[in-house]
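Working notes, beginning with the structure itself.
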Amino acid sequence: MTERTPLPGKKYKFTINIFVLLMVLVIAVQGTYLGYVVGMLTTLEKRFGFSSEKSGWLLSLYDIGHTMAILLIGYIGSHYHLPRITGIGVILSSLSMFMLALPVLFYGTADYTQEQLLQKKEAYAMEMRCDVNSMREISSQGEDCWREHNEHTNAFIILAFGQLFAGIFAAPFNTIAYVYIDSNVKQKRESPFLLGLLTSMYAFGPALGFLLSSILNGVYTTLGDAPDHIGTHDEHWIGAWWLGFLLCGSAYLVLALPFFFFPRTYKHPDSFHLMLEHSRPQVSPEDRLTFKENVELFLREFPMVLKKLLSNKVYITMVIAWMFGSYLIGGYQTYLPKFIETQYGRSASMADIYSGIISVGAIAVSTALGGWILSRYNIAPRSSIICLLGSWVVILVSYIIGMNLGCSQPKVEGLSYVDYADRWHFYHHQEREQQCLEYCNCETILKFDGVSMNGQNFYSPCHAGCTDYDVFSNTWSNCQCVYGNSVEKGLEHPECDIFFAYLAVMMIGLFIGNLFFMVTMMIVLRSVFDEEKVIALSLASFITNLFGFIPAPVIYGFFIDLCCILWNRQCPNERGNCVLYDNDKFSKMFHGVNSFFQIFAILFAGICYWVSKSVKLPEEMPMVEFPESREREYRDEDEE
């Protein structure tokens, strides 16, 4: 089989379908890994003492690496063997997965002996109980602060580089492979369905990742029996975080080999791209450029290519619309588990499951179905933009409805809203005014450890007046503020039956709203010539990552923090993480920010449609002459 010999009929279609199937599996593994990292962040924080800020950087480094590599991959893909570059990316991605598991080799699994656990729990009891003898100084200066200032720096560096390399090596997955499929399908109408199938895996994969993290968080890190009196909800429980990376790396490795057996071009005999390929002069091996010459050519050509793409009004307006549309995944999906957990009182694991249901049911299935609709009814590019606009309006409406489907936050004893100051106040330095806390010395408690009984919530066991702690059952008793009764760990949320209404609204809204998300990529590919597709899609991914996926978690995190009413200070003079939100403000802020970006996505998609009516797309240009004339026309435009 030679590189430029087209395959006949059924064999051709079968081969393209095999390539698509491989890419579906590769993207499924990539999505699984991305969801798995998010699901395992808390475990990594416990194991290596990472702060939340450092955990956030671990997530961002993937997108930073991806953004760094995307344009270079786009240029390389324009000149070299697309399937082989994809295969190399898959192999290197497997190595990055193995790198992420390396800290377990250097630092072990951090299993605790029975004696060590008892010592830790006894220290916890001394730190958090009602201190009637006033023996306690400012708490949380022990283990937590020690771990924060003496964390495993080398482990963080290994994980950081693993995340960075994972982002770099994944660059061919959503650029080169897409272009290879779009350029080689027999009929252009088949492309949206196949590309939609690939894109849907970016939503389906993270759901698998959440499921995998949920399973492995229930497996003790040694893969053996956990010490006695320690369960999955114990703060000393460490899940088998490293095993998921090994599984993803192994899956990548298995899938990489077949890519090296695909030729550079699988062209149908009637395709324009194949005739254009044959019309060009063939370059002999001795005349091919060296690596240095290729770099010089890149530096010389790229500014002109970039200028041409940025001056393409249809292309650039759709890229901007795509960028704002990406905040749905970069912002809404990222913080949806936190929103469900804090707003509706669901556990972290259940919040992950509900988020996975929305990802699979609303986004993954919808994207694949939308691609099939575009292919089945052969919807023209301009008409597809109208479909996209209509679906995005539905997302906007669902956000507006979601603003008003929130619940009240749980009330905590001693926490009250001050009207004239428009702020919440906690009696951290007025505990002695409460009769049951008169001698408890609770003002020294900085760390949040919420407990509750019959709807009453307290900041810590000390604030409930508890004096006795059972290290085996992990329960507090003899609590003076609840008449000497016992309390349960965690806050009790008020009843709220509106959650499933919210879930239904968002699933319907996001399902309809994502039906035609593939139009963004389709218009990007249709608005440029075949020779420009790889670099055009790479530039689109670069812009979307740089101004969408990378800043989205930071922007959303900033606005969500504005809704916090009670902070957990792990150490003196530090704010720590938020433990209680103003739910009404959180709901409006969360969906309001989403609505803001969605409005701009709709606006630029509308501009793209308006601009597209006055220009001809490359596929609409007449081909009455030999294709070489079209290539000559394209070159003449460059020279102008």
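Here the Cβ of each residue, glycine as well, is placed from N, Cα and C on the backbone.
Look at TrEMBL and you will find 19-616 tagged as domain 'Major facilitator superfamily (MFS) profile'.
Per TrEMBL, transmembrane segment is recorded for 12-36 (among others). Counting only same-chain residues 6+ beyond the ends of the transmembrane segment (12-36), those with a CB under 8 A from a CB of the stretch are 6, 62, 83, 86, 90, 93, 97, 166, 170, 173-174, 177, 180-181, 184-186, 194, 197-198, 201-210, 212-213, 244-245, 248, 251-252, 255, 258-259, 262, 266, 268, 356.
Annotation source TrEMBL lists transmembrane segment at 56-76 (among others).
Here TrEMBL flags 88-108 (among others) as transmembrane segment.
The transmembrane segment annotation in TrEMBL covers 156-181 (among others).
Sequence annotations record features per position, and here TrEMBL assigns transmembrane segment to 193-220 (among others). Distant neighbours of the transmembrane segment (193-220): 20, 23-24, 27-40, 43, 111, 174, 177-178, 181-182, 185, 226, 232, 237-241, 243-244, 247, 329, 333, 349, 352-353, 355-357, 359-360, 363-372, 374-376, 517-518, 521-522; these residues of the same chain sit at least 6 beyond its ends, with a Cβ under 8 Å from one of its Cβ atoms.
Same-chain residues lying 6 or more positions outside the transmembrane segment (240-262) and placing a CB less than 8 Å from one of its CB atoms are 15, 18-19, 22, 25-26, 29, 32-33, 36, 40, 43-44, 47, 83-84, 86-87, 90-91, 93-98, 100-101, 103-104, 109, 209, 212-213, 216-217, 219-221, 223. What TrEMBL records for 240-262 (among others) is transmembrane segment.
The transmembrane segment annotation in TrEMBL covers 314-333 (among others).
According to TrEMBL, the feature transmembrane segment maps to 353-374 (among others). Listed by sequence, the residues of this chain that lie at least six past the ends of the transmembrane segment (353-374) yet keep a Cβ under 8 A from its Cβ atoms are 35, 192-197, 199-204, 206-207, 210-211, 214, 329, 333, 336-337, 340, 346, 384, 387, 391, 503, 506-519, 522.
Under the heading transmembrane segment, TrEMBL lists 386-406 (among others). Here the transmembrane segment (386-406) has long-range neighbours at 325, 328, 343, 370, 374, 379, 498, 501-502, 505-506, 508-510, 512-517, 519-520, 583-584, 586-588, 591-592, 594-595, 598-599, 601-602, 605-606, 609, meaning same-chain residues at least 6 beyond its ends whose C-beta is under 8 angstroms from one of its own.
Look at TrEMBL and you will find 499-525 (among others) tagged as transmembrane segment. Sequence-distant contacts of the transmembrane segment (499-525), counting only residues of its own chain at least 6 positions beyond either end whose CB sits under 8 Å from a CB of the stretch, comprise 178-179, 182, 191-192, 195-196, 199, 314-315, 318-319, 321-322, 325, 328, 340, 344, 346, 354, 357-358, 361-363, 365-367, 369-371, 373-374, 381, 384-385, 387-388, 390-392, 394-395, 397-399, 401-402, 405-407, 533, 536-537, 540, 608, 612.
Residues annotated as transmembrane segment in TrEMBL: 537-559 (among others).
If you look up TrEMBL, you'll see 589-611 (among others) marked as transmembrane segment.
Remote same-chain partners of the transmembrane segment (88-108), defined as residues 6 or more beyond its termini with a Cβ less than 8 Å from a stretch Cβ, comprise 26, 30, 33, 48, 73, 152, 154-155, 158-159, 161-163, 165-166, 168-173, 221, 241-243, 245-246, 248-253, 255-256, 259. Long-range neighbours of the transmembrane segment (56-76) within the same chain, counting only residues 6 or more positions beyond its ends whose Cβ lies under 8 Å from a Cβ of the stretch, are 34, 37-38, 41, 44, 50, 85, 89, 156, 159-160, 163-172, 175-176, 298, 302, 534-539, 541-542, 545-546, 549-550, 553-554, 557. It is 589-611 that, among the stretches 156-181, 537-559, 589-611, forms the most Cβ pairs under 8 Å with the transmembrane segment (314-333). Long-range contacts of the transmembrane segment (537-559) within its own chain (CB-CB distance under 8 A, at least 6 residues past either end) are made by residues 56, 59-60, 63-64, 66-67, 70-71, 73-75, 77, 171, 174-175, 178-179, 306, 309, 315, 319-320, 322-324, 326-327, 329-331, 334-335, 521, 524-525, 589-590, 593. As a whole-number mean, the pLDDT of the domain 'Major facilitator superfamily (MFS) profile' (19-616) in this prediction is 78.
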